[in-house]
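The feature active site is assigned by TrEMBL to D78, D281. Among the features that TrEMBL reports, domain 'Peptidase A1' is placed at 60-408. The signal peptide feature in TrEMBL is assigned to 1-27.
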Amino acid sequence: MAAGWAQPAGLVLLLVLLAAVVPAARADKPARGGLATVAGADESSAVFPLYGDVYPHGLYYVAMSIGNPPRPYFLDVDTGSDLTWLQCDAPCVSCSKVPHPLYRPTKNKLVPCVDQMCAALHGSLTGRHKCDSPQQQCDYEIRYADQGSSLGVLVTDSFALRLANSSIVRPSLAFGCGYDQQVGSSTEVAPTDGVLGLGSGSVSLLSQLKQHGITKNVVGHCLSTRGGGFLFFGDDLVPYSRATWAPMARSAFRNYYSPGSASLYFGGRSLGVRPMEVVFDSGSSFTYFAAQPYQALVAAIKGDLSKNLKEVPDRSLPLCWKGKKPFKSVLDVKKEFKSVVLSFSNGKKSLMEIPPENYLIVTKYGNACLGILNGSEVGLKDLNIVGDITMQDQMVIYDNERGQIGWIRAPCDRIPNDNTIHGFEEGYCWPQFPNIIAYQNAESAVCYSSITKMSDKGKGH
């Protein structure tokens, strides 16, 4: 749903549906548009390691190789938005400090306003698309609920992807070059260089890969409670017969992935609130309920707690408890809480059990805090978001081919790595937040040397 590179951990930034056609004089001259196809590519899958966590960092991100030669960039994995974009030097008017050197576009990479991808981008943001001239470039503006914004221009460049069939493809994909950001801090180093938009719209990276015939229009992620996890494009890893499935519902809130409306239960009993429209959003660190279900859930939790827990203030989250001694992990306190259940009524009844470890965090102060927040306090109104905390240690699959969303418990810290699935062996390393600045120099060249060398042997040039 939102760029998480500069937000406080867990604070979702609601995208306001705005786009602006900025005067062409703001950036470089227009040039060619359109997307190059990848000749001879067969649909396959690709798997990538994920980095980050829900607490204390507040996001999960992936390393992508973009450009020619490929350069590494960290992207916030966001199934709640369509546009992939990087902070870039076009030149940059206002950018945060990021882990890698800013992406630098060339004039021949600019997408014209008349291109169908530009029309799709503007349509997904405002439903309006207008070009003053055929030569005008594709400008856009995204505004956030906290009054932040990002201004940019649509460009195309190659993405180096290693597939399950061992080939390297380098399709030319459209993404945003954000050169004027009014978000976050300009002095602190952001954890990511931009956002990986994996929504269902035609401008999303996933839809473009499908258009090129590289992967099926299926994406999934597995977020580990220990940090990290994996992301995949394509359906080779999908456990179709074992996962719980719900048909995708048309959300009133744009093109979000929604399994429809759900009834809310706590400890096996209904909380008596009206059905909640739910969306799944990996761009949100925490889960957000609208005012009525949130208040009902908090009342049920408080009414069920033993006297061993005492409510205390904690700067990390709004509602926290302490025990007789500080908690070291959620395992120390989970027995004091009961499971929350979402029962989806869209088609076949599908249940998502949310055990305490999927809605609680333990802070650095040793308190247990509720990771389900009141969405009405951050401008979400009636939207209910299942965020990263609730999707941890589950494989969540967004199958746009079959129009369904699935989930299944999985060991997300065990990345698939056998003879059929590749994408994250040599050529990648595991950056850590404390070392994020050092990673952009000599180490990144070593980490990405393999995929750069192998790209000369693969398909899709």
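Cβ coordinates are placed from backbone N, Cα and C, and glycine is handled just like the others.
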Quick one: Cα separation, D281 (active site) versus D78 (active site), in Å? 7
Suppose we draw a 10 Å sphere around the Cβ of D281 (active site). How many other Cβ atoms does it contain, all chains included? 26
D78 (active site): tally of other CB atoms within 10 A of its CB: 28
